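Colleague: Below are the features listed in Swiss-Prot for this protein:
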type	residues	note
ACT_SITE	His118	active site, electrophile
ACT_SITE	Glu188	active site, proton acceptor
BINDING	Asn31, Trp32, Lys33, Gly194, Ser234, Gly255, Gly256	substrate binding site
Amino acid sequence: MFTDKETHRKPFPTWAHLLHSEPSKQFVFGNWKMNKTLTEAQTFLKSFISSDILSNPQIITGIIPPFTLLSACQQAVSDSPIFLGAQTTHEADSGAFTGEISAPMLKDIGVDFVLIGHSERRHIFHEQNPVLAEKAAAAIHSGMIPVLCIGETLEEQESGATQDILLNQLTIGLSKLPEQASFILAYEPVWAIGTGKVAHPDLVQETHAFCRKTIASLFSKDIAERTPILYGGSVKADDARSLSLCPDVNGLLVGGASLSSENFLSIIQQVDIP
């Protein structure tokens, strides 16, 4: 376990330089979605934080609890190498938006990064690319790192439209960010989310390479090379190593398998470090 908070618990903006100088780092984020009570979260973190598996400085680990658990989780991980993420944010800083949470509110309680446009937000709550662009910008302006989630449906994939869909999501979703912004990308094919289907590593590599090329065209080659691109979609320990071996895969966005500390640690342990 890390004990030096100042060295190992720096906020994401500081990582921009670190990522630029050490591109081999891998990110593993666990999205709890709408799961866990306070008691369940405390039980999870008690066993999770104490694991020696988290002592590898080349693997950046994050948990993404529901809003109700963010404060408690922040207190629990504050002296650990674990970073804290939120599942979404509103694009406005404040206002009459009953039930919403803003980026300044999240930053104020110690959130480091925030998911933008997770497939469930896009397809269940009908969040559109222009709004997601505003949310990503709000995260940046509040001092957090946006994790822009992109992906195609099964119908879009089978029709050969994957790259067109991703290009549109990237072009609009990143359009409000400053030229030198630090952000993370997560490719999560909709047809693999919660279905048990995992994309073949060859397909994942091809898609991630396309995304990196697109980032280079939208920003610069330098930003493209240092931007982490994660894969998400029914990730389990059996698949973690083969996926992380892909040259353009810089980590994993884990869903259901992150609800068990044992399963999540197994995935982290399997991630390959170049």
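The first residue you see is number 1, and the count goes up from there.
Using N, Cα and C of the backbone, Cβ positions are placed for all residues, glycine too.
Distances, neighbours, how buried they are, the whole picture for these features please.
Modeller: Within 10 Å of the C-beta of His118 (active site, electrophile) we count 28 further C-beta atoms, all protein chains included. In the three-state DSSP assignment, the secondary structure recorded for His118 (active site, electrophile) is coil.
Same-chain residues at least 6 positions away in sequence with a Cβ under 8 Å from that of Glu188 (active site, proton acceptor) are, in sequence order, His118, Ser119, Cys149, Ile150, Gly151, Tyr231, Gly232, Gly233, Leu253.
Remark: Gly194 (substrate binding site) has Ser234, Gly255, Gly256 as non-local neighbours, by Cβ distance under 8 Å and separation of at least 6 in sequence.
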Colleague: Find, for the listed binding-site residues Gly255, Gly256, the residue with the lowest Cβ contact count at a 10 Å cut-off, counting only other Cβ atoms.
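Modeller: Per-residue Cβ counts within 10 Å for the binding-site residues Gly255, Gly256 bottom out at Gly256.
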Colleague: What's the longest C-alpha separation between any two of Asn31, Trp32, Lys33, Gly194, Ser234, Gly255, Gly256, the listed substrate-binding residues, in angstrom?
Modeller: 13
Colleague: Taking the Cβ of Trp32 (substrate binding site) as the centre, count every other Cβ atom within 10 Å, in any protein chain shown.
Modeller: 22
Colleague: Just to confirm: which same-chain residues, 6+ apart in sequence, have a Cβ under 8 Å from the Cβ of Asn31 (substrate binding site)?
Modeller: Ile64, Gly85, Gln87, Leu115, His118, Gly232, Leu253, Val254, Gly255, Ser258
